[in-house]
């Protein structure tokens, strides 16, 4: 049985600089997954206001949509969702053995495509916010 050794806090803190593209893809995929789970609970809590009537639900939505920070968070949610979807498709292909030798390139392509989609969508989300 192998034993781990204590490298010290300074050495452990600097390990993130040694991450490869595959490790960053894993970290981002886990992070975006947790963000989406958190959003799901927020979404359900907003939808639950409809149980109190249409007026309460509509006033809740109009109140949230009038806040600029909510509009910015929607753009962030779009970025998180698009990256998670694209990286998930990339992982599916890698698991099937397609593109194994180009994993790094496909990860960077998913980042670029996420950026393009989000930048193209910004006017839709921020219209009337400011």
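Using the three backbone atoms N, Cα and C, a Cβ is placed for every residue, glycine included.
Remember, predicted model here, so these are calculated numbers, not experimental data.
In Swiss-Prot, the feature transmembrane segment is placed on 26-46, out of the ranges 26-46, 47-67. Topological domains recorded in Swiss-Prot put residue 25 on the same membrane side as residue 102.
Residues within less than 8 Å, Cβ to Cβ, of residue 84 (heme binding site) and separated from it by at least 6 positions along the same chain comprise 29, 32, 33, 36.
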